[in-house]
């Protein structure tokens, strides 16, 4: 790098330092630094690992103030094994072939559990599955049509020369279209996989198709797996195989009741299925733990539609015709609406904490409209934290941050040699980003981040949940009067110097010591 003496003095940096800076970066070939040098990048405070069983707070909340706990059932009280997903995939594929007369050839596809992640968007007219960040930009390198990646240039051209997606025009509040759909629940993983496989087959065989019809057929086939009770049958026939952490669910519920908390259940699943699952996890007297039990609630409309009344079910699950004037402990109710629920229980505001896995169907309306506290169950969190705790991730991220800071600070040097070095840093930074992304998922990366921005999923998670955790059992690690305090993360203007934003928080990175005095 050639620097005029006046400018080097003005910036307070020596030519020797710049030479060291250039040599260190120019000779570096990706994250493969020596072990000793890499260890220096990570101070002791960074090396303390994150706990996958911890509860993370978006908002300050004291459990001392919570008197009433509410729960969804699927993927909240009942955690399911991933072995359920290939069953859903195969059954929906059979429905497409047998009832919708799709080509027999789509049977050749097997379910790939490593293909998609939760929170992706699907552009129906373009048959494009992609990851969008919190600012509605497509993360380049994460757009797929069928099973094939779509080049970045084509993605930008498809959206009029930009990566920005006008979601307010193309997708509703709950992410259900009309043009763009967001896949938010865990059951959507086999749906995305099947949708991609069917599109891949049609494109690979040169078959013309209407994108909207194909999308609807696949969605309806997945829905039929649930509506026809196929998934319920599989789980009921082998609960040991499919239901995880049942003893921990029992421990959570029993502990809350022992401390005088009131409990309720609101689920879209039918009573017979919930009853068998809860008997397996908790025992035959499970209903005595709950003050109110509501099944087939039809969330999210349960939270917004005042018209549907509650119906009581008898011991066999048959509908009764009684008018509901109170909600009795241990009894089973069907449908209804939140407004009658609030009127009959008088459970209002922040003394209620409701847990669910679906950010839209379970949590959004409760937080925005009714002021309940909410807890999101995110099973993927456990795996992602274990990846974040790896040495490879820490070193890769540290070097990315260092390179980003170099690019920001040294871009003022525009001579030919400097531009060449800057281009090399830019290339290396992009390579590191791709390496880090692939640690989580080769196609789409982390469900929580694009390269540097939060994902759209993360944005919704922060907006609609006070707490989030990998499973309900994480509550067992905290006292029932524990207060959760969110960490104060710096806003951009609160950390003006790029070195202060390094994940290391230290000056041990090579060549940074020489630049520490620059302010």
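Cβ atoms are placed via backbone N, Cα and C, with glycine included.
As given in TrEMBL:
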type     : residues : note
ACT_SITE : 72       : active site, nucleophile
BINDING  : 72, 357  : Mg(2+) binding site
ACT_SITE : 74       : active site, proton donor
BINDING  : 74       : GMP binding site
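Of the recorded residues, residue 74 (active site, proton donor) and residue 357 (Mg(2+) binding site) place their C-alpha atoms 8 Å from one another.
Cβ neighbours of residue 357 (Mg(2+) binding site) (same chain, under 8 Å, six or more residues apart in sequence): 72, 74, 75, 76, 185, 186, 376, 377, 378, 379. Residue 72 (active site, nucleophile) has a Cβ environment of 25 other Cβ atoms inside 10 Å. Counting every protein chain shown, the Cβ of the residue listed as 'active site, proton donor' has 23 other Cβ atoms within 10 Å.
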